[in-house]
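Chemist: For reference, the structure I am asking about is given below.
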Amino acid sequence: MASVSWRAVAVAMVVVLLSLQWFAKGYPEEDLVVRLPGQPTVGFKQYAGYVDVDVKAGRSLFYYYVEAVKQPDSKPLTLWLNGGPGCSSIGGGAFTELGPFYPTGDGRGLRVNSMSWNKASHLLFVESPAGVGWSYSNKSSDYNTGDKSTANDMLVFLLRWFEKFPKLKSRDLFLTGESYAGHYIPQLADAILSYNSHSSGFKFNIKGVAIGNPLLKLDRDSPATYEFFWSHGMISDELKLTITSQCDFDDYTFASPHNVSTACNEAISETENIITEYVNNYDVLLDVCYPSIVQQELRLKKMATKMSMGVDVCMTYERRFYFNLPEVQKALHANRTHLPYSWSMCSGVLNYSDIDGNIDMLPILKRIILNKTPIWIFSGDQDSVVPFGGSRTLVRELAQDLNFKTTVPYGAWFHKSQVGGWAIEYGKLLTFATVRGAAHMVPYAQPSRALHLFSSFVSGRRLPNNTHSSTDE
């Protein structure tokens with residue numbers, strides 16, 4: 001009996017010690033993803049689950065977090081948000097672009113993404129706002145939302161997420177995303193900096209903002225699309241001249257109807273009829289199937305044109321099929337409320353404010369930079385939805401407003417002895433870079449160049465202006 005009692009006590013002590021050791025690591029055991037169905041063996045940990053952002057309303061956001069492949073005790077933390085608005089960062093960023101896995105062709109397994117950004121950083125993906133993916137609210141009125149409430153919920157999310165992961169509170173934090181995240185990320189960064197200025201306790205260790213092909217200012221981004229079409233030989237001189245002379249983009253808004261002339265709307269409609277029937281707007285060189293994330297950009301384009309467009313969904317099925325497998329949802333601790341609809345790349349219940357798409361992000365970006373937070377804007381050069389020309393112009397205007405001098409002149413940057421794109425730096429805090437051969441979803445179209453750009457960003461390195469080999473692989 002004594003021997004049995006001793007063994008029982010010993011076992012109990014081991015359990016307690018293991019529990020203490022686990023929680024000392026600062027990670028929530030209940031959110032650990034032991035293994036995803038069909039997942040290859042990897043050496044890093046994954047976590048997924050919910051964070052309540054409004055307990056009274058029953059509003060919760062779903063997240064997926066992956067540790068860095070190497071040196072997890074010293075790597076920074078990077079948040080990634082996809083756009084839409086209303087599209088999933090898990091179906092998009094995590095499992096189509098920059099996360100550690102891609103679904104296989106049959107939609108039942110996973111394969112390793114050798115260019116995953118968790119080579120350089122811990123990665124956090126959030127389905128935001130509520131109504132996207134597995135994020136939800138018990139109040140249907142919460143699905144009528146916009147930029148301000150989305151930023152507020154994300155601030156609350158991060159504060160409570162760090163309570164789950166206290167070990168990461170002091171890590172360098174980078175905020176990244178693409179497309180309509182050109183609205184999400186700046187407003188979240190602004191909210192974080194405001195929180196830091198008023199907090200006498202915990203402060204976010206925010207170190208930088210990077211956004212790909214971002215919607216920043218509609219009256220610059222919209223005309224850039226038609227300039228891109230014309231410069232690539234996709235529309236005629238006559239149509240380009242009509243748009244230039246008849247469309248006052250300073251008065252162009254997302255809300256329908258556009259506050260523009262009939263001649264302008266007719267010219268835009270003619271352009272869309274020509275382009276969308278034959279060309280993938282998100283990669284004008286691509287004529288094959290495209291990933292599920294294209295749905296998020298379709299939303300952005302529809303908001304601007306109010307036109308019906310066809311989408312090649314051949315790769316959408318893989319993601320949708322995989323994430324609707326019961327065993328996958330169980331492994332991810334997802335869909336805990338048994339939502340009355342299946343998981344989809346973009347929300348069918350969200351009613352996001354069209355008007356918020358008109359908000360000028362440049363004043364917010366200026367405030368972020370005045371807080372000494374670096375900003376990188378990067379653009380795939382084959383994207384016509386938010387073309388690099390508009391983004392480059394906006395970055396230059398922002399630099400002029402800040403009275404920044406050019407600290408690195410415009411020129412090529414290199415990766416693996418090839419031109420990776422072109423870049424310019426202003427005031428040592430503001431960088432614009434193109435990614436050669438990339439499209440709207442830069443990490444998907446050019447994964448190696450995207451990883452090199454990202455690694456440079458989080459490491460505080462400038463993009464190399466010579467053919468020396470990259471240091472991130």
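Just so it is clear, glycine is given a Cβ too, placed from its N, Cα and C backbone atoms.
Just so it is clear, the model here is predicted, and its values are computed rather than measured.
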Chemist: Say which of Cys87, Cys247 is recorded by Swiss-Prot as the disulfide partner for Cys346.
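Modeler: Swiss-Prot lists the disulfide between Cys346 and Cys87.
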Chemist: Tell me which residue from Asn335, Asn371 Swiss-Prot records as N-linked glycosylation site.
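Modeler: The N-linked glycosylation site feature in Swiss-Prot corresponds to Asn335.
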Chemist: Quick one: Swiss-Prot says Cys264 makes a disulfide with which of Cys247, Cys289?
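Modeler: Here Swiss-Prot pairs Cys264 in a disulfide with Cys247.
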Chemist: Hey, which of the disulfide-bonded residues Cys87, Cys264, Cys346 is the loneliest by Cβ count within 10 Å?
Modeler: Cys264
Chemist: What's the CA-CA gap between Cys87 (disulfide bond) and Cys264 (disulfide bond) in angstrom, rounded?
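Modeler: Pair distance, Cα basis, whole Å: 30 Å.
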Chemist: Sequence gap of 6 or more, Cβ distance under 8 Å: name the residues on the same chain that satisfy this around Asn335 (N-linked glycosylation site), in order along the sequence.
Modeler: Trp134, Gln329, Trp343
Chemist: Can you grab the distance from Asn465 (N-linked glycosylation site) over to Asp383 (active site)? Cα atoms, rounded to a whole Å.
Modeler: 24
Chemist: Consider the recorded positions Cys346, Asn351, Asp383 and say which one has the Cα lying nearest the Cα of Cys247 (disulfide bond).
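Modeler: Given the candidates Cys346, Asn351, Asp383, the nearest one is Asp383.
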Chemist: Just give me the nearest neighbour of Asn351 (N-linked glycosylation site) among the recorded positions Asn138, Ser179, Cys264, Asp383, His440, Cα to Cα.
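Modeler: Answer for the nearest of the recorded positions: Asn138.
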Chemist: Look up Cys87 (disulfide bond) in the DSSP assignment and report helix, strand or coil.
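Modeler: The three-state answer is strand.
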